[in-house]
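Enquirer: Sharing a structure below in structure tokens format, with a few things to ask.
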Amino acid sequence: MNHTRLALLLGATVAVSPLAMDAYLPAFPEIATAYGIASGEVGVTVSVYLVGLALGHLIGGPLSDRYGRDHVLYAGLALFLVGSLLVAASPSFAALNGWRFVQALGAGWCVVSVPAIARDHTSGAEGAQLFSLIGLVIFVAPAAAPSIGTLILTITGWPGIFVFLAGYAGALAVLLRLTLFRHWKGRPSHRRPLRTVITNYATVLRHLTAMRLLAVQSLVFSVMILFITHASFIFQEWYGLSKAAFSGWMAAHMVLMGGFNLLNRWLLNYRHPSEVLRVAIGLQATAALYLAGVALTDPPLALFLPGLLLAIGAFGAGVPNTFSLYLDFFREIAATASALMGAVRFSVAGLISATSSMLVGGSLWGVTAMMAACALAAFLLAWGVPRAVERSTAR
């Protein structure tokens, strides 16, 4: 299967997660009204979702290495579908969070198999380019998701968004069966006993360069999650934008992220992934520090928005390279390594997101300060990545 077709299928698979994360953002006020809670409390559903994703990665990764990518993917889609339908029918906010966790668990099983499938087919710079192409496909989901949610809200209530997500999962399962897994079963070449799971995780944890990359990924991802968690507050409450305008600016951020992703693919023809990674995260850190600075002055949207666009857009050039460099060290246990990265980054981002929901208290500066802290820490770690990768590869 050629890279473009493979990237489209894998991108559509990973897209279940950003769709579930972003499609319901315009509905935060409606969900709050439905359950009689403050709009800010709905942000808890983001943290719950991230915890479910983390656990889904930890469980799904080793299962994917042992039983095959196809079986774990189908099981994950089934969990996601059921969880989505039950979220839509939740009688209470507590029940919604419970089924949201199940939905996220299924999404985690889907997402964790994708980097492993990609790594089964490629390595090195070729792998980074495939990850970048997959990322470009994935960016369509968060760009379109808020608009999809807004459109659904004009037709029906917020539960309709989750019914749509269930339908997407069902259609994707059929598509994968007819294409990617029609002839290739996705099974690993060696079925390892379950007792080796701990050993495999220990192998990854002992690799210092991989741990540096994992930390960079977690912090960069946290910048994105902080934005998603507080996007409704920033655009709809602080700046008073309509749902349509909110969806439009969310899409603009994702389009710019896709542009950075395309730039990343071009740069990989001339530079090592570790060098591109360092520059991308440096841009993000600069933009995030700018945001924290201007937020002190109660800035107009025209002054605030350029920094926000750059801080989120640069994410598109950083993440594919981090994934590729990290997985290059663990070809034989790619799904397990991917599971650990996913679990750690979602756990870290979920913790930071939950902390921000408790501490920000309606402060634009509070949100941007936390974004700047994460981006700056990621850049400090990323600065030494090229040399660390070179040393590890030479061994």
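Cβ atoms here come from the backbone N, Cα and C positions, even for glycine.
TrEMBL feature annotations, pasted as is:
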type: DOMAIN; residues: 6-390; note: domain 'Major facilitator superfamily (MFS) profile'
type: TRANSMEM; residues: 32-60; note: transmembrane segment
type: TRANSMEM; residues: 72-95; note: transmembrane segment
type: TRANSMEM; residues: 101-118; note: transmembrane segment
type: TRANSMEM; residues: 130-155; note: transmembrane segment
type: TRANSMEM; residues: 161-181; note: transmembrane segment
type: TRANSMEM; residues: 213-234; note: transmembrane segment
type: TRANSMEM; residues: 246-264; note: transmembrane segment
type: TRANSMEM; residues: 276-297; note: transmembrane segment
type: TRANSMEM; residues: 303-326; note: transmembrane segment
type: TRANSMEM; residues: 333-352; note: transmembrane segment
type: TRANSMEM; residues: 364-385; note: transmembrane segment
Enquirer: So which residues does the transmembrane segment (303-326) touch in its own chain, when a touch means Cβ under 8 Å and the partner is 6 or more beyond its ends?
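Expert: Sequence-distant neighbours of the transmembrane segment (303-326): 115, 124, 127-128, 131-132, 134-135, 139, 210, 213-214, 216-217, 220-221, 223-224, 227, 234, 249, 252-253, 256-261, 263-264, 267-268, 273-274, 276-277, 279-281, 283-284, 286-288, 290-291, 294-295, 337-338, 341, 364, 371, 375, 382, 385, 389.
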Enquirer: How about long-range neighbours of the transmembrane segment (101-118): same chain, 6 or more residues beyond its ends, C-beta under 8 Å?
Expert: 6, 10, 13-14, 16-17, 20, 48-57, 59-61, 63-65, 69, 72-73, 75-84, 86-87, 127, 130-131, 134, 162, 165, 169, 180, 186, 323, 327, 334-335, 338-339, 342, 346
Enquirer: Under 8 angstroms, Cβ to Cβ: which one of 72-95, 246-264, 333-352, 364-385 has the largest number of such pairs with the transmembrane segment (161-181)?
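Expert: Out of the listed stretches, 72-95 contacts the transmembrane segment (161-181) most.
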Enquirer: Need one number: mean pLDDT over the domain 'Major facilitator superfamily (MFS) profile' (6-390).
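Expert: That stretch averages a pLDDT of 88.
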